[in-house]
There are 2 protein chains.
Amino acid sequence: MSNQKQFQVAIVGATGAVGEQILKLLEERNFPVKSLKLLSSARSAGKKLTFKGQELTVEEAKPESFEGVEIALFSAGGDVSRELAPAAVERGAICIDNTNAFRMDPDTPLVVPEVNIDKINEHKGIIANPNCSTIQMVAALKPLHDRYGIARIIVSTYQAVSGAGAKAIEETLRQSREVLAGNEANPDVLPVGSLPVKHQIAFNAIPQIDKFQDNGYTLEEMKMIRETKKIMDDESIEVTATCVRIPVVYGHSESVYVEFKKDFDLEEAKQILSDAPGVVLQDDPANQVYPLATDAAGKLDVFVGRVRKDISHPRALNLWIVSDNLLKGAAWNAVQIAEYIAIKQEKA
Amino acid sequence: MSNQKQFQVAIVGATGAVGEQILKLLEERNFPVKSLKLLSSARSAGKKLTFKGQELTVEEAKPESFEGVEIALFSAGGDVSRELAPAAVERGAICIDNTNAFRMDPDTPLVVPEVNIDKINEHKGIIANPNCSTIQMVAALKPLHDRYGIARIIVSTYQAVSGAGAKAIEETLRQSREVLAGNEANPDVLPVGSLPVKHQIAFNAIPQIDKFQDNGYTLEEMKMIRETKKIMDDESIEVTATCVRIPVVYGHSESVYVEFKKDFDLEEAKQILSDAPGVVLQDDPANQVYPLATDAAGKLDVFVGRVRKDISHPRALNLWIVSDNLLKGAAWNAVQIAEYIAIKQEKA
């Protein structure tokens, strides 16, 4: 591999919760990096981060920052992506965008490598990384869809605070300490940083992730609904979602009801999940084995358990799907896409 | 009310998380108590508790303890109820049983006063208090069922640790402190005290409440399914449930998908919920108002919000239902039943 093509890479939002994980994964996976630019807002510029023993200084992201960049991984919010991803594309970079900015754009592939890696060939400069809660669900459900055809999905989520960024993690830990000490929680970040009302997350469950839409769903719920159909490439799948933030730091959990078009065999469905790429079946009720957020944290896979035939519908299955929202739900899915791009260009 | 009939009352399990709340409610509600016996296991006997300024000594519960008792509130586990409730009935007491022991017994009414208070007339000595997670759900859904006919319910729960008793509360707080200090959680109680495997609850979500059944569901899930049909008095309602423990101390939350037989109007459905006895509609997304466990804690009502028309099914509604699991979910529902018995005997 000594002659392997090396890439000029940029991470936009390098100091954020996801950016940090991307940096770590590029190093751990030994991604073929020729040069690495760490970019951020003006506020975080000047910070130092380490990559393979080398100290790098974070620079403010500007259109000119992308001169010479071949692969740019964006994770600094939708506004930054909307402003800078086109500038990066203009300069020849392929952007892997972890924000909501381009996900539903018909010209932008929305990719979960285990599900639809072939779509990366259709990009026009930007490849979108789906929402964290969507990624883990479709990774587990796609192989079942291929076999039995999914008619509908009803999902309720149990989402970690790290999905709302580093400030939400700090807030959750601070509030927990305050409440344990008998003090007020004084919420300041969650559920949505930019909205006026804040709710306690410590020892609580908040049924709001992102802003409310006119139909009474939150944007997070609508993301799950729309993105699932786009990634599965099947608008006929009916999806509904209720997204809830709970005081977990890393790892989203999901209670998923799925109704198939065809009859299915429970043992065969478990085998399909067990054989699915990137999916680990953790399902042994007799020994109290099922996925847990604390176990999934720090791991790249999607964990599935509580797999059982629904007793209220002959063609329905219930599952409990857990994955690290910062890894498979964000950084790892993005780096996986970058790896496929690297392999493709290597072969080209 | 000076000539109001006064009752000889016993609380079995008086030192437990629910027993404590029953004692408090009997005082707060000024229940017509002539005499009060506090009963418990031998281990807790001798403890002192206060009722209306009077110190009472907890005694070991034995069959003879029920001599002269007219209303006995049981909350000391299924085994104690199975052993002692019949002994209490023999001695003339009406038992209100908060355990799972008699709930599905065809001769035992399973009562949520807002739903089926008429059933208390059919008792043969024992009236069962439903499972906490069931009570709050049926209290909210019954008025909708009366109007539109419920075809199916798909529920995922976010249940507080207090439902597993005082030890689970202590464990959750202890583990939270340990994890915040960077130490191991060392789980010792949850998910099920009597089972060998323990899981961390602090900053986690455990998809197991009670033991697993042969069909892959837990007993808690099967309780919700069976009890809902019995309380609603309609075996045709299809129900499935996924029950999850989260690090909340007081207040169960539930994400409920409900499919009606008839078409419904969203605003009318909200009005029905708003008018329902014991139910408070908390639903104003524009102002980020929805039920929260921390707000419901210590209150007697069932709170409902996130009421929205399902976008995946024309006759389905989504709801977020929250209530204090130790109050409406246990102690308050039991004391409510006792109040109806008192009124009935007063009138007789």
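Each Cβ is built from the backbone N, Cα and C atoms, and glycine gets one as well.
Binding of NADP(+) is attributed by TrEMBL to B:THR15, B:GLY16, B:ALA17, B:VAL18, B:ARG43, B:SER44, B:SER162, B:GLY163, and within the candidate set B:ASN325, B:ASN333 the record adds B:ASN325 to that site.
Pairwise Cα distances among B:THR15, B:GLY16, B:ALA17, B:VAL18, B:ARG43, B:SER44, B:SER162, B:GLY163, B:ASN325, the recorded NADP(+)-binding residues, top out at 25 Å. Summarising the environment of B:ASN325 (NADP(+) binding site), the number of other Cβ atoms within 10 Å of its Cβ, over all protein chains shown, is 30.
When the Cα atoms are compared, B:ARG245 (substrate binding site) and B:HIS252 (active site, proton acceptor) turn out to be 9 Å apart.
In this structure the C-alpha atoms belonging to B:CYS132 (active site, acyl-thioester intermediate) and B:ARG43 (NADP(+) binding site) are separated by 26 Å. In this model, the domain 'Semialdehyde dehydrogenase NAD-binding' (B:8-123) carries an average pLDDT of 97.
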